[in-house]
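One structure is given here, and the rest of the page talks about it.
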Amino acid sequence: MIGSRFASFQLQAPTFFLPSLPFPSSPRRRFRQECRSRRRAFQTSRTGATSCNCSAGVSKPLGEEQHQRNKQAPNRAYPFHEIEPKWQLYWEENSTFRTPDEVDTSKPKFYVLDMFPYPSGAGLHVGHPLGYTATDILARFKRMQGYNVLHPMGWDAFGLPAEQYAIDTGTHPKVTTLKNINRFRSQLKSLGFSYDWDREISTTEPDYYKWTQWIFLQLLKRGLAYQAEVPVNWCPALGTVLANEEVVDGVSERGGHPVIRKPMRQWMLKITAYADRLLRDLDELDWPESIKEMQRNWIGRSEGAELEFCVLDEDANERDVKITVYTTRPDTIFGVTYLVVAPEHSLLSTIVSVGQSKMVEEYKDLASRKSDLERTELQKEKTGVFSGCYARNPANGEATPIWVADYVLGSYGTGAIMAVPAHDTRDNEFAAKYNIPVRMVVKPDGDCVDSSKAFAGEGTVLNSVNSSSGLDINGLPSKAAAAKVIDWAEKYGNGTRKVNYKLRDWLFARQRYWGEPIPVVFSDDTGEIISLSETDLPLTLPELDDFTPTGTGEPPLTKAFSWGNSNEEGRLTRLILYLEKLPEEKQAPCLSGQVLAEAMYRYYLRYMDPKNSKELVDKRKEIYWSPVDVYVGGAEHAVLHLLYSRFWHKVLYDIGIVSTKEPFKCVINQGIILGEVQYTAFKDQDGNYVSADSVNASDELYQEVIPEEKVKKSGDGYVLDENPGIQVMARAHKMSKSRGNVVNPDDVVGEYGADALRLYEMFMGPFRYFLSPSLYKFYDKKEDGLNKQLLKQMECGGGGRDTKTWNTSGIEGVYRFLGRTWRLIVGSPLADGSFQDGSLAVDVEPSFEQLRSLHRCIAKVTEEIEATRFNTGISAMMEFVNAANKWDNLPRSIAEEFVLVLAPYAPHVAEELWFRLGHSNTLAHAPFPEARSEYLKDAKKVLPVQVNGKTRGTVEVDEGCSEEEAFRIASQDSKLSRFLEGKSIIKTIYVQGKILNVILGGKGAKPKPRPNPDASRIIVQ
């Protein structure tokens, strides 16, 4: 527990949410401008000498002019502005965190990895370092424990923003990308992360994507990569295919142009071939159960049947056309009152009647403008149109109408369903709207049913017999009836048993320029796909001046008429020769103009051997470093990125490239940091305040941003300080430029230092983010809605536990802690603001209490780092510093071990304190202290014992002794036991470490050896 001196460290109070109302932006310009002005003042005043003598023996003597400038510098708790650049330079110049290519494999390994960041032009905000700081603490901790640590960083640098910027400005995306990478790298280094920068990789480098292309060729050889016509987001006005995230409410995010779903030939990866293994192997993973459950839902394995309904002609005769439906409820086949086919179903044009063809075409056009998410949204109103034809139900012979409706997707199952409105909610809503009959064929066991609603559960089958078909399932339980229907369908050729998946094959190409070219050519004559030779990889991007879309749906790469590698002499010639040497029937080929969609799904392998030009990864290195021990990233990647990575890995496992079935041993989601809480008051047309708790969404009100100092806490909400009757809306939002609530880590580092930022982000609350089960449902939907829904829920505080809210004033608490730690070891500043050389530590033997305080801290911090409970580890260090500040002296051995404990969290100040304690080498590889058990035992305390409120004696117990243990010791004491003989014990009252009071009953009752734990008693902690 943190002492009262640290009360200001606690997190802010809960906020009051009113999510249905819009919220205006409230930039923190004043804070950022103050940080920048202070940093400029410091940078202007620096001339190389240091006021704290941090580099004693290295830097020049402090000059009088510098002393004068320091007097004008901002007061700081400790000289982080000099310490941090010094040690960052030392680490870089000495390659402190470089992992050798050849390591001692007899030592244990620890591979800790951050999810690949995309280097955007905006740079980092304070939310990004949350995961990076955690992985850095783990890396530094394991390094000090003697592990070989692999802790790399790189860039998922291909992306739409850079290409769009290129289209808008004419700047080549490579120029923009390199600029952004340099900014990201500089910011990460300023935070002291112990990455091995010698292993840095970027997906835009040919040496990297050569191996992405190589893997693609292996997939192609094994039939796991293929081309298919699939619907894509096509924007006629922009003349290009758009990614799902570029489409908002049916229009392009850029320009607001209409977007339609248009079939185009695309490259697909057959991830469905691995569906069972992806599902089965989840059980072996040390991942949060929420992530595993979401992957199970996304894969969506179900068992059922495919049943065939024969299409009828105008005279009700069966045609040679059958509609196949997939159902998980064959037991409801007698309840089918209509069929539904998707608007994009391949048979629709052949079955629609002449009279309905125009209406069907119009409906297909409307449906093409909707995303899959919009079409399958449960809350949306169901729409459809009758096809004008019927199909025969094989179970009862009825002519069943065929409808076209967009709530059925052509990409799921067979693209057609048998609709049973009595037992499916969506079917019931559709039937009610279009007056389609409802027939109940399953009744719940023992319960009455509301006939106005669909009963989707299992029960006993009724109304399900037909002598003509020979099928009778009346009176059977649902499962038995389903099995009988499948057996009947297989016997008479009306269907077959089927396992189905929601998981769809993976669209793996983009009609874009900025990506890895697909290494295949096509024959103009035959259209045959011809793989490039592996020796001709990488196939590099051509240099283009025009990145704009072609307007025809063809990718920009088709503009490259002479395509080769201009960076390597002879490469273009070899590629042309290769094409010319193809058999005659394959001449006149053209390169694929598409690019691979992603290159980030196997980067964890390349980190193991980043300079290897001959193979993806050296076998020995892969066996040693695999799998990744800890993988940290955002919850929004909980399904798709991790699922695709697992698919890649399993393919590589099958072809002998990797030695493990899974890529990541442990996955941790860190959640997000929201912007600072913003307060909004509402005013009516006359300018009068309206309390937020009485506001309706339909009210015409003005909103006014209220400064934090003008509100106060009241119950569960906030009110105006001057008018407590007016409740205001208090809400934290996801950081974004549009809201003006982005906090730049550069500003925080300039004001408080990198170590303070690191500590604060770890101290804000528990690190691990546990996704709420209420969000699992969003992973049943298509990708375009997944991230938006998830982030919206997280932003509102309802997405799971431990979403954190940034509070700039909160960082001051950990900053003061670092200042107290500095003064504990170095001492207070001198009159001129500088600090003395060396430290206050003395060479004396520590007392038992000092050792006990230290080793309790060591034990707690070790335990909490291992469990990624970094916030409580910081609390333990705060308690130690509080205690140590009361000592008469600071033994050097105590100071040294505490500095080593602090080092993973605050490496810059720890390195400087280690230096001042007399060490010439970095502490990065110094052994992490181990807690000694003899100092962890609780101290003895004298506990007064009362019987019926009168003190009868004392016993000696351990500090923290439980009530049960205290009573046991008291009852065995010779002086106290006689007061208990022959008495019944009514209850015990125990104040831990203070008193034990035993309340007895009357005489003659048999004594109880111990009160039942469920009996009445009072325990005061």
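In case you wondered, yes, glycine gets a Cβ from its N, Cα and C as well.
The region 'Disordered' annotation in TrEMBL covers 49-75 (among others).
Positions annotated as domain 'Methionyl/Leucyl tRNA synthetase' by TrEMBL: 115-247. Confidence in the domain 'Methionyl/Leucyl tRNA synthetase' (115-247), given as mean pLDDT, stands at 89.
The domain 'Leucyl-tRNA synthetase editing' feature in TrEMBL is assigned to 296-489.
Secondary structure of the domain 'Aminoacyl-tRNA synthetase class Ia' (502-534) per DSSP (helix as H, G, I; strand as E, B; remaining residues coil): 1 helix, 13 strand, 19 coil. The annotation domain 'Aminoacyl-tRNA synthetase class Ia' is assigned in TrEMBL to 502-534 (among others).
The domain 'Aminoacyl-tRNA synthetase class Ia' annotation in TrEMBL covers 730-760 (among others).
If you look up TrEMBL, you'll see 851-958 marked as domain 'Methionyl/Valyl/Leucyl/Isoleucyl-tRNA synthetase anticodon-binding'.
For 1002-1021 (among others), the entry in TrEMBL reads region 'Disordered'.
The stretch from 115-247, 296-489, 730-760, 851-958 that makes the most Cβ contacts under 8 Å with the domain 'Aminoacyl-tRNA synthetase class Ia' (502-534) is 115-247. Ranked by number of Cβ pairs under 8 Å to the domain 'Leucyl-tRNA synthetase editing' (296-489), the listed stretches 115-247, 730-760, 851-958 are led by 115-247.
Assigned with DSSP, the residues of the domain 'Methionyl/Valyl/Leucyl/Isoleucyl-tRNA synthetase anticodon-binding' (851-958) fall into helix, strand and coil as follows: 55 helix, 18 strand, 35 coil.
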